[in-house]
């Protein structure tokens with residue numbers, strides 16, 4: 001599913017990401033824009049053999065199990081396919097675990113490159129939330 005910007009913002013808010021660990025909703029929407037272009041089906045293979053999945057491009061080496069990543073830790077205890085659903089419950093719950101891991105949203109390269117230090121309110125502008 002390719003989410004609309006405000007549609008994804010609303011879903012993220014519903015799942016408790018707004019101000020989770022101090023990160024406003026705009027940060028999450030911005031990260032999703034640059035990680036996946038709001039596409040829940042997005043996958044990207046990494047040079048280490050792991051794959052990133054879903055709107056927030058969550059990695060199979062650490063966070064989910066795709067059955068093909070050597071030494072996968074699966075710290076969110078989910079199949080990676082759950083991160084590709086149109087229902088973002090698994091993505092939101094796993095993202096909360098990731099952002100609590102010590103580096104905050106710096107865990108997302110796209111967030112560091114495109115969102116960090118910017119006015120992320122633009123990402124929820126005009127949305128009825």
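Don't overthink the numbers, they just go from 1 along the chain as shown.
Cβ coordinates come from backbone N, Cα and C, glycine included.
Lifted from Swiss-Prot, the feature list:
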- 35: active site (ACT_SITE)
- 52: active site (ACT_SITE)
- 6-127: disulfide bond (DISULFID)
- 30-115: disulfide bond (DISULFID)
- 64-80: disulfide bond (DISULFID)
- 76-94: disulfide bond (DISULFID)
- 1-129: domain 'C-type lysozyme' (DOMAIN)
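Sequence features annotated in Swiss-Prot and their locations in the structure.
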residue : record         : DSSP (3 states)
6       : disulfide bond : helix
30      : disulfide bond : helix
35      : active site    : helix
52      : active site    : strand
64      : disulfide bond : coil
76      : disulfide bond : coil
94      : disulfide bond : helix
115     : disulfide bond : coil
127     : disulfide bond : coil
For residue 6 (disulfide bond) and residue 76 (disulfide bond), the CA-to-CA distance in whole Å is 26
One finds that other Cβ atoms within 10 Å of the Cβ of residue 94 (disulfide bond) number exactly 25
Rounding to whole Å, the Cα atoms of residue 35 (active site) and residue 115 (disulfide bond) are apart by 11
Spatial hits near residue 52 (active site) (Cα distance within 10 Å) out of the disulfide-bonded residues 30, 76, 94, 115 come to none
Mean per-residue pLDDT in the domain 'C-type lysozyme' (1-129) works out to 98
For residue 94 (disulfide bond), the close disulfide-bonded residues (Cα within 10 Å) drawn from 30, 64, 115, 127 turn out to be 64
Of the disulfide-bonded residues 64, 76, 80, 127, the one whose Cα sits nearest to the Cα of residue 30 (disulfide bond) is 127
Rounded to a whole number of Å, the separation of the Cα atoms of residue 64 (disulfide bond) and residue 76 (disulfide bond) comes to 6
Within 10 Å, the Cβ with the most other Cβ atoms among the disulfide-bonded residues 6, 30, 64, 76, 115 is that of 64
Filtered by Cβ under 8 Å and at least 6 apart in sequence, the residues in the chain of residue 80 (disulfide bond) near it are 51, 53, 58, 60, 64, 65, 66
The rounded CA-CA distance in Å from residue 76 (disulfide bond) to residue 127 (disulfide bond) is 30
Students should find that the Cα atoms of residue 127 (disulfide bond) and residue 115 (disulfide bond) sit apart, in Å rounded to an integer, by 18
